[in-house]
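As given in TrEMBL:
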{"type": "DOMAIN", "residues": "17-132", "note": "domain 'Acyl-coenzyme A oxidase N-terminal'"}
{"type": "DOMAIN", "residues": "134-247", "note": "domain 'Acyl-CoA oxidase/dehydrogenase middle'"}
{"type": "BINDING", "residues": "Thr138, Gly177", "note": "FAD binding site"}
{"type": "DOMAIN", "residues": "278-439", "note": "domain 'Acyl-CoA oxidase C-alpha1'"}
{"type": "ACT_SITE", "residues": "Glu424", "note": "active site, proton acceptor"}
{"type": "DOMAIN", "residues": "480-656", "note": "domain 'Acyl-CoA oxidase C-terminal'"}
Amino acid sequence: MEAVDHLAPERNRAQFDVEEMKIVWAGSRDAFEVSDRMSRLVASDPVFRKDNRPMLGRKELFKNTLRKAAHAWKRIIELRLNEEEAYRLRFYVDEPAFTDLHWGMFIPAIKGQGTEEQQQKWLPLAYKMQIIGCYAQTELGHGSNVQGLETTATFDPQTDEFVINSPTLTSSKWWPGGLGKVSTHAVVYARLITDGQDQGVHGFIVQLRSLDDHLPLPGITIGDIGMKFGNGAYNSMDNGVLRFDDVRIPRNQMLMRVLQVTREGKCVQSNVPRQLIYGTMVYVRQTIVSDASCALSRAVCIATRYSAVRRQFGSHNGGPETQVIDYKTQQARLFPLLASAYAFRFIGEWLKWLYTDVTGRLQANDFSTLPEAHACTAGLKSLTTSATADGIEECRKLCGGHGYLCSSGLPELFAVYIPSCTYEGDNVVLLLQVARHLMKTISQLGSGKKPVGTTAYMGRVEQLMQCRSDVQIAEDWLKPNVVLEAFEARAARMSVACAQALSKFTNPEEGFQQLSADLVEAAVAHCQLIVVSKFLEKLQQDIPGKGVKQQLQILCSIYALFLVHKHLGDFLSTGCITAKQGSLANEQLRSLYSQVRPNAIALVDAFDYTDHYLGSALGRYDGNVYPTLYEEAWKDPLNESVVPDGYQEYVRPMLKQQLRNARL
Ligand SMILES: Cc1cc2nc3c(=O)[nH]c(=O)nc-3n(C[C@H](O)[C@H](O)[C@H](O)COP(=O)(O)OP(=O)(O)OC[C@H]3O[C@@H](n4cnc5c(N)ncnc54)[C@H](O)[C@@H]3O)c2cc1C
């Protein structure tokens, strides 16, 4: 029987060139080609099957993850894939695994913090996977407060070694991915002690397990920390616990790019500036922002396709019911998420540029933009991951009851995604760092120090404190300068209000603590401004393809105006816009939703996700939802027998009992 595309009528309504949009989404024709090829390669390989994942027990799940990782590595070698292709292939395998930390944290840490010599020794081993590494920073007692870590690395001048110890239970390393069962090595963060002096927290390369039989080396206690949220989900990862009891490593295994310990045990600052380490952080956070757009777009793709298939109410004379995507409430919940997925895609792309820019400047010993770049990536990591976690849950609700089934793909996606609000910096802690940077920027305005990069608008603070939006009709909200000014004015005024409130405290730190909830809101306003302004900048570029740019303009306006609507209190209380202008923004938003509606399916098709990657009965490309849901249900282990295990022991006796004295 020929396959039917139930969504074909929707696809035919598109007013733009989907193939060209795919290129825009991917970033370039080349990137599209690689991504498309790798996704299809993974989808067609039975080893990468994942539909049974939520049903597997932990041990089975984990073993299967090891099998997939080994198979992926085999394919990478056989096909002689380059770095980008290999990254994409692992991405589409779509299963959290030790390899994420090996490639995403262990290698970048050595690159960023190791000396040339150390890089030459360790990186070739890591690139060939002759050693497998993880990133062991967090402890049972401390995560966000890195300076509070308790693990010690004491220099022993007699033997030219560091002695690593976990002096307390709370100093046990706790959480590192890949540590529990697989990693042979780790970059361990510990307090450096030389000559009885605490020199602060530094990174050390420590071998954990034998390369012959994988047993822990002497003095090392190591294991998995246990099941995590959800079925399948992040349980394919061996987040681990690690304790050290007098573990000795050679002196040259401290990562010494910035600080060196000499043979005599003296600490010598190298000529490489400390700030270099921030470069790695910018890199890692940029990848997290890119991942946010992938996770959100995936959830949105499922919810959009299903919303076009699902019909409820509104049948006239026996005709079809209304597609739920045509309900305005559905659109008002779904389309801002669709717009956010695109917005996050472009901000991720821009962050890639920022990383290159920062790296170039660091090499030229120019640190002027570093604090701003650091704050910006911290804030964007927080903003995009929080919005994505909330957005996936909203997509589940948009799919009604069926969204709660594992076969919708949404529960597992949510469970896998949400820890990104916590790892690589708790989102609130990161926003407080952004707020500190904003307060510093404002305090330096008087001294003539010009704010740079994404804080440059603060240089026009006087004008931004006074400007009034000149929106008169709803369409005025489509003008980029009108939107930009409203967001700049709101962000500047919220920061200035915090700075003024702070100045009333004699102890600034006490003031910062007291005002921290307001400061976080000011930081969010600043980060939203960055996303809006970079989306607007993207639209300045030449974007080929019939109707492509127009669709992006609509999505950009939806992203911005939805934020105006959601944070209307901020815009009104800071006097940036009037209540009337706020309601005009909402009016414009309604009209934009109607414009997106015929293009919705094509806009999610542009993500170019295979059915394998989506892993969803609801989000299938062909919209053939109900037969798939039906078939999936029969695959459940409970349906292997008609009468369930346990019937004879527990159900039958209940049914057959002769109750005499019940009080029911
Ligand atoms: C799935 C997963 C994978 C991980 N992988 C790794 C890994 O590979 N390697 C590794 O080293 N670590 C890893 N981690 C640990 C992770 O980095 C930490 O959990 C994270 O840094 C947060 O620290 P915490 O758990 O101590 O939270 P806490 O800091 O204890 O946060 C608890 C609460 O306190 C609040 N809070 C904390 N400080 C402040 C403050 N100054 N002001 C206001 N509020 C505050 C937070 O907002 C939060 O609400 C992982 C964690 C998870 C969940």
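Note: Cβ is positioned from N, Cα and C throughout, glycine not excepted.
Taken as a whole, the domain 'Acyl-CoA oxidase C-terminal' (480-656) shows an average pLDDT of 98 in this prediction. A Cα-Cα distance of 10 Å separates Thr138 (FAD binding site) from the residue listed as 'active site, proton acceptor'. The two recorded residues, Glu424 (active site, proton acceptor) and Gly177 (FAD binding site), show a Cα separation of 12 Å. Broken down by DSSP into helix, strand and coil, the domain 'Acyl-CoA oxidase/dehydrogenase middle' (134-247) contains 10 helix, 50 strand, 54 coil. A 10 Å cutoff on Cβ-Cβ distances gives Thr138 (FAD binding site) a total of 19 other Cβ atoms nearby, all chains included. Helix, strand and coil counts from DSSP across the domain 'Acyl-coenzyme A oxidase N-terminal' (17-132) read 90 helix, 0 strand, 26 coil.
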